[in-house]
Amino acid sequence: MSKALLHLHFLSLFLLCCVCHSSIFTLNFHFTGIVACRPHQIQAFTKFTNEFDTRGCNNSDTFNGVWCDNSTGAVAVLQLRKCLSGTLKSNSSLFGFHQLRYVDLQNNNLTSSSLPSGFGNLKRLEGLFLSSNGFLGQVPSSFSNLTMLAQLDLSYNKLTGSFPLVRGLRKLIVLDLSYNHFSGTLNPNSSLFELHQLRYLNLAFNNFSSSLPSKFGNLHRLENLILSSNGFSGQVPSTISNLTRLTKLYLDQNKLTSSFPLVQNLTNLYELDLSYNKFFGVIPSSLLTLPFLAHLALRENNLAGSVEVSNSSTSSRLEIMYLGSNHFEGQILEPISKLINLKHLDLSFLNTSYPIDLKLFSSLKSLRSLDLSGNSISSASLSSDSYIPLTLEMLTLRHCDINEFPNILKTLKELVYIDISNNRMKGKIPEWLWSLPLLQSVTLGNNYFTGFQGSAEILVNSSVLLLYLDSNNFEGALPDLPLSIKGFGVASNSFTSEIPLSICNRSSLAAIDLSYNNFTGPIPPCLRNLELVYLRNNNLEGSIPDALCDGASLRTLDVSHNRLTGKLPRSFVNCSSLKFLSVINNRIEDTFPFWLKALPNLQVLTLRSNRFYGPISPPHQGPLGFPELRIFEISDNKFTGSLPPNYFVNWKASSRTMNQDGGLYMVYEEKLFDEGGYGYTDALDLQYKGLHMEQAKALTSYAAIDFSGNRLEGQIPESIGLLKALIAVNISNNAFTGHIPLSMANLENLESLDMSRNQLSGTIPNGLGSISFLAYINVSHNQLTGEIPQGTQITGQSKSSFEGNAGLCGLPLKESCFGTGAPPMYHQKQEDKEEEEEEEEEEEEVLNGRAVAIGYGSGLLLGLAIAQVIASYKPEWLVKIIGLNKRRKR
């Protein structure tokens, strides 16, 4: 093969697989037409595939296989996508293919693998594609040996560390490190700025935190610069204007603060996204004159003023314009109406001083989506005789103070998505809505609707896929759902009676939320093939059906706060996708579900307030399984026995800190149609005695355990110190004995620690006093002795946190220790405050009035994730449904 033929770009790989049959053998192992591949190369390839489970290869990419050099017979191109399961080892036979030019191993299941340094031996590589494999750890320094490399894609892994060493990769054209856990600063001396051939750079969704070096301006060949969702701060360097070849510039979701960046020289710019920063000032008039600009996103900044649109801008190419959540004046509307090629427009939360008239958009004949949420809308413009572009497919009018159903929707025959939640509409939903021929997604939550007009048949036979009616005034029996329904949510209404069996006839149903109603009777045994099931806070009875895990698609099950009995279904062992399981506050009587350790993705297990009994240690007294578990909440049951010292050693996910995990969120999304779909992000309301912490989104780096209110005994396992991601530990009200493990001082992220009402002895480890985030500690009613550590976080606690230990002394207790050396004046001040402190303690059971709980809740909601705080005495998990990502994944 000639040298020119070997210089393949990524797309060329597909072409070669299509036209060069004489050089291909595929992974179904029908070795036809393999004359060019030498026998020893075929044997080596077979040896490589034997290192993995290749059962997925039969249904994988049809272009999978290898391609050999016609002159040497050596493997030159290897593509195995969505095919391999296992571990890519450092001594893999892959690294013996020294003639390889292109390797594509994207979307395999290589979890728990570090990125092998052996790749550095493949010095002829020109393209290396390793995205979506779950690789851990740092990029080996041996990668700098790949001096021929032109394309490197390591995106969608779990790689950590600072920016990898790429010095020597001077031929690199494409570098994609997005969706990893890289952190640290980008300094001007970084090897990144030696890559002068670079055309595509994507560092999005990492944890870099620094200013943007001016040396970005030296990468003159850059065409795509994507730095979204990091911690970049400060000003955008003026040298960015040197990148005159840029077609895409994404700086969104950072902490950048400056006036509008200098982009007027970027005459090739096609997409510009500066959303979710702190840019201020006005939009320069020159921006809208850029000849190729089609996508402009400036959401959630501090931009103000108006937008100047010259007469020539009526022929602007601008198709996407997102200006929501800024401080623009009302005059912005008229100039925008001149941008006649607009297809997607977001003007939400403009805070205009007058109602918006929808007629202003009548000139936008191509408009497909319009978001005016958070603005006052002229009631006259919502009537059926008003005008709005008939091309509209998506209309969002949340928080618009609308009190009557908009009849203008009757005219929108192209409408696919409608969200008019969080308004003041009441009465019944009009029958004509379900007659819109293309309607797929309807969100009417947080209004005052009481029912449906007309025949139920119209709704049943509609085209609706997603229907969300949360927080209204519906009551009575659940309506018959559309035959095509995929996601349905009616949380926080007053529905009664049993869940109808007709729901089982909706074969496409994937997500259902019936929480916070008054449903009675059993969970229908016919429910199956669902992904998200939220039934919490009803009056459901009977056992949890075995069929819920048919098809292994179940990802989240929350049946908390019902009257369920029986045992956990053993069929759950087949729920390979299950991440969240919550059965809090039921009457389930069972032993600890050790068998759930077979679930590879389980992150949250909450069994609180049931009738579970017996040991929670495996029969062999070894470590507990659950490598991905982060929230483990089993309080107020009847668990007994002791825990071995190595109990926690397999909890790999809880051992990784935020810096290692990058602070990613627990997110799930599914796209249903062109502009979006449904999804959810898991929100966390973590409240322990003395600590209240709210997160609208639950970071995957958080971990919490609660064993309180059981009959556990023996020593606290020393291995608890391995769980560096722990922010909350509650083992109170048990019979633990022995010393507090010294290893707990390693829990540097710990914010709440409750070990009260046990039989612990010895001293409080001094290391606990140096945990900087520890906002609450309670070791009362044990048998502890000695001086209380005098770290800042300890001495600030209430004295009730240490009472009931006859041998304890030192602040904040009034019993002083001999030789503490505390200043007499300090002791006097403490005595002066005693009476006041005692009165305060009578009024508050927890520090600063913060209650004990980890809140769990659920709600299907298409649109933005809205954090909902549900306070109770013990930990719960708050799961929210979000959806419609109109731009791209966050």
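Each residue, glycine too, has its Cβ placed from N, Cα and C.
Pulled from Swiss-Prot:
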| type | residues | note |
| --- | --- | --- |
| CARBOHYD | N70 | N-linked glycosylation site |
| CARBOHYD | N91 | N-linked glycosylation site |
| CARBOHYD | N109 | N-linked glycosylation site |
| CARBOHYD | N145 | N-linked glycosylation site |
| CARBOHYD | N189 | N-linked glycosylation site |
| CARBOHYD | N207 | N-linked glycosylation site |
| CARBOHYD | N311 | N-linked glycosylation site |
| CARBOHYD | N505 | N-linked glycosylation site |
| CARBOHYD | N518 | N-linked glycosylation site |
| CARBOHYD | N574 | N-linked glycosylation site |
| CARBOHYD | N730 | N-linked glycosylation site |
| CARBOHYD | N778 | N-linked glycosylation site |
| REPEAT | 97-121 | repeat 'LRR 1' |
| REPEAT | 391-411 | repeat 'LRR 13' |
| REPEAT | 462-485 | repeat 'LRR 16' |
| REPEAT | 626-650 | repeat 'LRR 23' |
| REPEAT | 699-724 | repeat 'LRR 24' |
| TOPO_DOM | 23-850 | topological domain 'Extracellular' |
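Sequence features, as recorded in Swiss-Prot, placed on the structure.
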{"residue": "N91", "record": "N-linked glycosylation site", "contacts (Cβ under 8 Å, 6+ apart)": "G118"}
{"residue": "N145", "record": "N-linked glycosylation site", "contacts (Cβ under 8 Å, 6+ apart)": "G120, N121, K123, G168"}
{"residue": "N189", "record": "N-linked glycosylation site", "contacts (Cβ under 8 Å, 6+ apart)": "none"}
{"residue": "N505", "record": "N-linked glycosylation site", "contacts (Cβ under 8 Å, 6+ apart)": "L483"}
{"residue": "N518", "record": "N-linked glycosylation site", "contacts (Cβ under 8 Å, 6+ apart)": "S494, F495, T496, N538, N539"}
{"residue": "N574", "record": "N-linked glycosylation site", "contacts (Cβ under 8 Å, 6+ apart)": "C549, A552"}
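Each of the glycosylation sites N109, N730 was scored by the other Cβ atoms within 10 Å of its Cβ; the lowest score goes to N109. For N778 (N-linked glycosylation site), the count of additional Cβ atoms within 10 Å of its Cβ stands at 24 [all protein chains shown]. The local packing around N70 (N-linked glycosylation site), expressed as other Cβ atoms within 10 Å of its Cβ over all shown chains, amounts to 16. Secondary structure counts, DSSP: the repeat 'LRR 13' (391-411) has 5 helix, 3 strand, 13 coil.
Remote same-chain residues near the repeat 'LRR 13' (391-411) are listed as 348-349, 358, 365-377, 379, 381-384, 417-427, 429-430, 432-433, 436, 438, 675-676, 863, 886 (criterion: CB distance under 8 Å, separation of at least six residues from the stretch ends). Of N70, N109, N207, N778, all annotated as glycosylation sites, the residue with the shortest Cα distance to N730 (N-linked glycosylation site) is N778. Note on proximity: among N109, N207, N778, the glycosylation sites of the record, the Cα nearest N70 (N-linked glycosylation site) is that of N109. Of the recorded residues, N778 (N-linked glycosylation site) and N109 (N-linked glycosylation site) place their C-alpha atoms 43 Å from one another. In three-state terms derived from DSSP, N518 (N-linked glycosylation site) belongs to neither a helical nor a strand segment and is classed as coil.
According to DSSP, N145 (N-linked glycosylation site) is assigned to a helical segment.
Here the C-alpha separation of N109 (N-linked glycosylation site) and N207 (N-linked glycosylation site) works out to 24 Å. Within 10 Å of the C-beta of N207 (N-linked glycosylation site) we count 19 further C-beta atoms, all protein chains included. DSSP gives N574 (N-linked glycosylation site) a helix state.
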